[in-house]
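Notes follow once the structure below has been shown.
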Amino acid sequence: MVIFYFCGKTFMPARNRWMLLLPLLASAAYAEETPREPDLRSRPEFRLHEAEVKPIDREKVPGQVREKGKVLQIDGETLLKNPELLSRAMYSAVVSNNIAGIRVILPIYLQQAQQDKMLALYAQGILAQADGRVKEAISHYRELIAAQPDAPAVRMRLAAALFENRQNEAAADQFDRLKAENLPPQLMEQVELYRKALRERDAWKVNGGFSVTREHNINQAPKRQQYGKWTFPKQVDGTAVNYRLGAEKKWSLKNGWYTTAGGDVSGRVYPGNKKFNDMTAGVSGGIGFADRRKDAGLAVFHERRTYGNDAYSYTNGARLYFNRWQTPKWQTLSSAEWGRLKNTRRARSDNTHLQISNSLVFYRNARQYWMGGLDFYRERNPADRGDNFNRYGLRFAWGQEWGGSGLSSLLRLGAAKRHYEKPGFFSGFKGERRRDKELNTSLSLWHRALHFKGITPRLTLSHRETRSNDVFNEYEKNRAFVEFNKTF
């Protein structure tokens, strides 16, 4: 016989547009000496351990299955007239995790008056999970578990769906229950992998890095040394040791909620120019919600900064964030931050800031991604309006892994404008408010063959340039460094 396989394309004549073309019907219809199937409504089909059978690779299923020279053409009406064949096909599709088969057979099976409600509910859950409707799948699985608590196959799917939807506490409970079941070794190994992943989600995450940088113009002195009768500071070059260390922990709550706490310290040390040493340390804590597609939260923070080894300022603030996967390849990242800075050296420099950032990331494949972003930053100083400005920025990044060579690169470009409320010292002579234009570029290169204890060094070259109608604020800065980062 010949049975066509249907997976979204029409291979049959127009008069048979609704024909079901599934190989699994062959065994259901023509199996020799097949014993009569018992009533599916009384069968404990959800107590099987075979729920995690690997899905059928649809690309390897032949379009036609030949046997005895016959051709079987079955449409929905024919199946409805043969409830036993329809039930066999539905059951076979479910236990083999044949998503394509479930998608075709389920709508017809639901029209059958003598249907197995549990089988239909299970199929609806599998299909919803495959289509990314995880909350709907969880609802179906929970209804099934309530009816049949001793169903490890369903519980495994429920636990996986909860894990996927970031309901970590509920997922951990289900996986703990599964661990007590007498499951096959392969499934028990899968349960342990999930439990390990859940522990890692809530474990402390520590990251750090350092680099040695050769910098040009570390004091950000103007490009000109003379302007009229004024003499500006000379540009200072130097070597810096940059460092960063941070730790963060997440505590999972019910229904996808979580709390976080963390701290970090970063800065740079100039061995030959200690007056330029700069360090920032901060702590933060917050609450958030995450599921399969989005992650949103609110965090409060406190930061302290030292400059030249002396206390310089501290900042208190809050940050909102919302990240969402729009599609499997497109992701949006949004955040808003407000903070109040207190300058411990000069009270007239106290200010508040507001920052809003939006990014769009496109993951072309596992080896390439593109990112574009828009930023707005506003700083206000009640005591000195000359420091007040708005900054409008654009960002672009391109990450690439170059084929099988092992070489990877990351290119970053940024441009921004600063509009000040009042003229600067030199722009005031022209009767103009201060206006700055910024340009930032950097290129990072690394090779996966070069690593030591899990650390792959990155070579980075960067250039920063500011052009201004106030000559004192025009400068260029170049850096070259090798960076070492580690997360554990």
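Every residue, even glycine, has its Cβ placed from backbone N, Cα and C.
If you look up Swiss-Prot, you'll see 32-202 marked as region 'N-terminal domain', on the strength of an author's statement. Mean predicted confidence for the region 'N-terminal domain' (32-202): the pLDDT average there is 76.
Per Swiss-Prot, the feature repeat 'TPR 1' maps to 118-151; the stated evidence is sequence analysis. Residues 40, 44-47, 87, 90-91, 93-94, 97, 99, 102-103, 106, 109-110, 157-158, 160-162, 164-165, 167, 291-293 of the same chain lie 6+ residues outside the repeat 'TPR 1' (118-151) yet bring a C-beta within less than 8 angstroms of a C-beta in it.
Residue counts for the repeat 'TPR 2' (171-204) by DSSP state, with H, G and I taken as helix and E and B as strand, are 26 helix, 0 strand, 8 coil. Annotation source Swiss-Prot lists repeat 'TPR 2' at 171-204.
Among the features that Swiss-Prot reports, signal peptide is placed at 1-31, with the record citing sequence analysis.
Under the heading transmembrane segment, Swiss-Prot lists 241-252 (among others), citing sequence analysis as support.
What Swiss-Prot records for 257-267 (among others) is transmembrane segment, and it gives sequence analysis as the kind of evidence.
With a cut-off of 8 Å between Cβ atoms, the residues of this chain six or more beyond the transmembrane segment (280-291) that come close are 134-135, 165-167, 256-267, 297-305, 319, 321. The transmembrane segment annotation in Swiss-Prot covers 280-291 (among others).
Below 8 angstroms of C-beta separation, residues 166, 258, 260, 280-288, 311, 313-325, 339 of the same chain, each at least six residues beyond the ends of the transmembrane segment (294-304), sit close to that stretch. The transmembrane segment feature in Swiss-Prot is assigned to 294-304 (among others); the stated evidence is sequence analysis.
What Swiss-Prot records for 316-325 (among others) is transmembrane segment, and it gives sequence analysis as the kind of evidence. Beyond the transmembrane segment (316-325), the same-chain residues lying 6 or more positions past its ends with a Cβ under 8 Å from any Cβ of the stretch are 284, 286, 288, 292-303, 331-340, 353.
Here Swiss-Prot flags 330-340 (among others) as transmembrane segment, drawing on sequence analysis.
Taken from Swiss-Prot, the feature transmembrane segment applies to 354-364 (among others), supported by sequence analysis.
Feature annotation from Swiss-Prot assigns transmembrane segment to 368-377 (among others); the stated evidence is sequence analysis. Within the chain carrying the transmembrane segment (368-377), a Cβ under 8 angstroms from the stretch's Cβ atoms is held by residues 333, 353-362, 390-401, 416, all 6 or more beyond its ends.
Long-range contacts of the transmembrane segment (407-417) within its own chain (CB-CB distance under 8 A, at least 6 residues past either end) are made by residues 375, 391-401, 435-448. The transmembrane segment annotation in Swiss-Prot covers 407-417 (among others).
Sequence annotations record features per position, and here Swiss-Prot assigns transmembrane segment to 439-448 (among others) based on sequence analysis.
According to Swiss-Prot, the feature transmembrane segment maps to 455-464 (among others), an assignment based on sequence analysis. Residues 211, 438-448, 476-486 of the same chain sit 6 or more residues outside the transmembrane segment (455-464) yet have a Cβ under 8 Å from a Cβ within it.
For 478-488 (among others), the entry in Swiss-Prot reads transmembrane segment.
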Counting only residues 6 or more past its boundaries, what in the same chain has a CB within less than 8 Å of a CB in the transmembrane segment (354-364)?
329-338, 370-378, 395
Is it possible to list how many residues within the repeat 'TPR 1' (118-151) are helical, extended or coil according to DSSP?
27 helix, 0 strand, 7 coil
Could you tell me what the rest of the chain brings near the repeat 'TPR 2' (171-204), counting residues at least six beyond its ends with Cβ under 8 Å?
49, 52, 152, 155-156, 158-160, 162-163, 247-252
